[in-house]
Amino acid sequence: MTHLQAKTEQLEHKVIIVGLDNAGKTTILYQFLMNEVVHTSPTIGSNVEEIVVKNTHFLMWDIGGQESLRSSWNTYYSNTEFIILVVDSIDRERLSITKEELYRMLAHEDLRKAAVLIFANKQDMKGCMTAAEISTYLTLSSIKDHPWHIQSCCALTGEGLCQGLEWMTSRIGEQRNLLLFYLDLLT
Ligand code: G3D
Ligand code: MG
């Protein structure tokens, strides 16, 4: 491995975990951290953790989703590379609020370069919406200016979470290769 390759692996990639209260944000973050379900309490304010996947460092900000906190989400936006939007797949009533929040974020200047991973969480619940239904409702196929990916998951068991992370690391891998390619041209 070259010195430059090693350097790119030390870069930290900022991730914000957003979604309405009770969607499962904190449970997902703890699954990432310890691969086992822990008891969670409502996030008060914010919480940041570092995780490393396949030599890629992520700084993950778990941002509280209660209505009173949503207006301050934008204070976390600068330098964000990934938005993880967690959806409670059983909560049909509030999916319209999630949709509003999603498009508000995508229109924000500080997030114009961010890629979006949507977790359709709580797939273990009877009668939940599928990822395809959520994708249609959120009109994800209309999003052309941000890379996006939807992944169904169950944060309690951890099912689907690794696939979501893999999508993120593969995007970084592509960018890293591109960066190394251009650096190589310059030197
Ligand atoms: P938040 O951080 O988005 O507010 P939490 O949400 O991670 O605190 O989770 C809210 C509740 O949903 C928790 O239940 C948690 O256990 C539950 N939950 C999270 N993910 C799943 C899932 O995939 N399936 C099911 N069935 N429940 C899930 P409690 O009862 O602790 O409030
Ligand atoms: Mg929380």
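Including glycine, each Cβ sits where the backbone N, Cα and C put it.
Sequence annotations record features per position, and here TrEMBL assigns GTP binding site to G19, L20, D21, N22, A23, G24, K25, T26, G65, N121, K122, Q123, D124. Here TrEMBL flags T26, T43 as Mg(2+) binding site.
Taking the Cα atom of each, K122 (GTP binding site) and T26 (Mg(2+) binding site) are about 13 angstrom apart. A Cβ distance below 6 Å to any atom of ligand 2 is met, among the binding-site residues A23, K25, T26, D124, by K25, T26. Of all the binding-site residues listed (K25, K122), K25 sits in the most crowded Cβ setting, with the most other Cβ atoms within 10 Å. Here the CA atom of T26 (Mg(2+) binding site) lies 10 Å from the CA atom of G65 (GTP binding site). Rounded to a whole number, the distance between the Cα atoms of T26 (Mg(2+) binding site) and G19 (GTP binding site) is 10 Å. Site extent for GTP: the farthest pair of Cα atoms among G19, L20, D21, N22, A23, G24, K25, T26, G65, N121, K122, Q123, D124 sits 22 Å apart.
T26 (Mg(2+) binding site) has a Cβ environment of 22 other Cβ atoms inside 10 Å. For A23 (GTP binding site), other Cβ atoms within 10 Å of its Cβ number 24.
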